[in-house]
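K.L.:
Positions annotated as active site, proton donor by Swiss-Prot: Glu148. Taken from Swiss-Prot, the feature disulfide bond applies to Cys60-Cys351, Cys224-Cys238, Cys376-Cys387, Cys381-Cys435, Cys437-Cys464, supported by similarity to another entry. Positions annotated as N-linked glycosylation site by Swiss-Prot, on the basis of sequence analysis: Asn82, Asn166, Asn235, Asn254, Asn368, Asn393. What Swiss-Prot records for Ser490 is GPI-anchor amidated serine. Here Swiss-Prot flags 1-35 as signal peptide, drawing on similarity to another entry.
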Amino acid sequence: MGVLKFKHIFFRSFVKSSGVSQIVFTFLLIPCCLTLNFRAPPVIPNVPFLWAWNAPSEFCLGKFDEPLDMSLFSFIGSPRINATGQGVTIFYVDRLGYYPYIDSITGVTVNGGIPQKISLQDHLDKAKKDITFYMPVDNLGMAVIDWEEWRPTWARNWKPKDVYKNRSIELVQQQNVQLSLTEATEKAKQEFEKAGKDFLVETIKLGKLLRPNHLWGYYLFPDCYNHHYKKPGYNGSCFNVEIKRNDDLSWLWNESTALYPSIYLNTQQSPVAATLYVRNRVREAIRVSKIPDAKSPLPVFAYTRIVFTDQVLKFLSQDELVYTFGETVALGASGIVIWGTLSIMRSMKSCLLLDNYMETILNPYIINVTLAAKMCSQVLCQEQGVCIRKNWNSSDYLHLNPDNFAIQLEKGGKFTVRGKPTLEDLEQFSEKFYCSCYSTLSCKEKADVKDTDAVDVCIADGVCIDAFLKPPMETEEPQIFYNASPSTLSATMFIVSILFLIISSVASL
């Protein structure tokens, strides 16, 4: 491995040192191989960036009446209500226990409407049945709870979600008629946040207990609330008050085993605004991932769509994939989940359009950015970490150099990558990115990429880059014997002779 090779070269320069000296150098070497900026290790071995598909495409056929090519996705799951035993399981309000909410369209109260009025035990009993139904076996996968009707932080329930505040205040006033409105509001806030916290925590704890191999988390958590992209001077940053509120949700991050922020785009966002929007949301999620334990951060999987939220039949262009996928990879997240509805798969024509989009734009870009990320990880981190932007707010991306690589779709529907990296390509990685170690490992960033002899990286379905950067050379013998001066050789032979006499004397005793 790279780290072992580094140590071997390091020590070869000190062949004539004493054992004590080597111990000292070993001790000094260890700290330089550590880093304080850890990333979550891969969920699947040798898959540093994971792609998941969470759309109802199971009945969609492409050209030649064949299923859509899902070979690049490690986890696949349909959000349809009757789909079970999937790689991605998403729980909506009607699929996990008795989630209390007020219908935003009809105003109908469901399960008491607010968390203070639900029986937590009844909810957990029902949730247990739902979990075993949707997850009959505990295979590795994602468990995403999508409850968006109310937010556990009181202050974040602004219009139209202020109905949950009003209903909570009314409940307190009914039970405590002597309280003023100010007093009732404060008490309602405390009761709502406690009940909401208990509801979310106990639900996810039950999920982890029953299906521990799944990655449990809540969709849209954490959120940045940086939606003000139409205002002048928009820079995408999260408001300080929202960062503080995310800090106050440490109880939720402590129980989660994954984070699922959202980076959906709409057509109202300019290219610059879209980039800044996504960049800051992913960055905040990565910051939050370290709140439970900075040395063992949670994996971050960004939920995205391949269409716009306000034009659900318009696919993202390659540039817009850069704003979403490219940003997420370059910032060091663990993966992306592509979510979708039946809208882009409702007919044979729409399925063919999706199939063509995947062949010509989506899958080639996934191959591009994934191979570039793996190549950078192999060169800079010896595959024991991920490459992260040195300047998080730059537009540096992990992409294959188009002058040196071509991604092609062969006749059989299989992608191939032609070309090989140059030393200049690797130097670009080193100039723009640094190595962030996985939390389970200690690693050393390669000091000089010029020492790279070869690159050998693959992703799903055998799509690989396998190339020598230097011509193979014959193994050289240690310089101490062949390239030493006569005086050095004499001294060496003298030392060897003394050692031989000592060993012989000990052996004869």
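Sequential numbering from 1, following the chain as shown.
Just so it is clear, glycine is given a Cβ too, placed from its N, Cα and C backbone atoms.
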K.L.:
Pick from Cys60, Cys387: which of these disulfide-bonded residues has the biggest number of other Cβ atoms within 10 Å of its Cβ?
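P.N.:
Answer by Cβ density within 10 Å: Cys387.
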K.L.:
Based on Cα distances to Cys381 (disulfide bond), point out the closest of the recorded positions Asn393, Cys437, Cys464.
P.N.:
Cys437
K.L.:
Give me the CA-CA distance between Cys351 (disulfide bond) and Cys238 (disulfide bond), in Å, as a whole number.
P.N.:
37
K.L.:
For Cys376 (disulfide bond), find which of the recorded positions Asn82, Glu148, Asn166, Cys238, Asn254, Cys435 come within 10 Å, Cα to Cα.
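P.N.:
Checking each Cα against Cys376 (disulfide bond), the hits are Cys435.
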K.L.:
Out of Cys60, Glu148, Asn166, Cys387, give those recorded positions positioned within 10 angstroms of Cys437 (disulfide bond), comparing C-alpha atoms, in sequence order.
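P.N.:
Hits: Cys387.
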K.L.:
Drop a 10 Å sphere on every Cβ of the disulfide-bonded residues Cys224, Cys351, Cys376, Cys435, Cys437 and tell me which sphere holds the fewest other Cβ atoms.
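P.N.:
Ranked by other Cβ atoms within 10 Å, the disulfide-bonded residues Cys224, Cys351, Cys376, Cys435, Cys437 bottom out at Cys351.
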K.L.:
Tell me which of the recorded positions Cys60, Asn82, Glu148, Asn166 ends up closest to Asn393 (N-linked glycosylation site) in space, Cα to Cα.
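P.N.:
Closest by Cα distance to Asn393 (N-linked glycosylation site) among the recorded positions Cys60, Asn82, Glu148, Asn166: Glu148.
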K.L.:
Counting other Cβ atoms within 10 Å, pick out the least crowded of the glycosylation sites Asn82, Asn235.
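P.N.:
Counting other Cβ atoms within 10 Å of each of the glycosylation sites Asn82, Asn235 gives the minimum at Asn82.
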K.L.:
Closest of the recorded positions to Cys464 (disulfide bond), Cα to Cα, picking from Cys60, Glu148, Asn235, Cys238, Cys435?
P.N.:
Cys435
K.L.:
Taking only same-chain residues 6+ apart in sequence, whose CB is under 8 Å from that of Asn368 (N-linked glycosylation site), what do you get?
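P.N.:
Listed in sequence order, they are His399, Leu400, Phe405, Ile407.
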K.L.:
Given the recorded positions Cys224, Asn235, Cys387, which lie within 10 A of Cys435 (disulfide bond) by CA-CA distance?
P.N.:
Cys387
K.L.:
For Cys387 (disulfide bond), which DSSP three-state class applies?
P.N.:
strand
K.L.:
Reduce the DSSP letter at Asn368 (N-linked glycosylation site) to three states and note it down.
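P.N.:
The three-state answer is helix.
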K.L.:
Look at the recorded positions Asn166, Cys381, Cys464 and tell me which residue has the greatest number of other C-beta atoms within 10 angstroms of its C-beta.
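P.N.:
In terms of Cβ crowding, the pick is Cys381.
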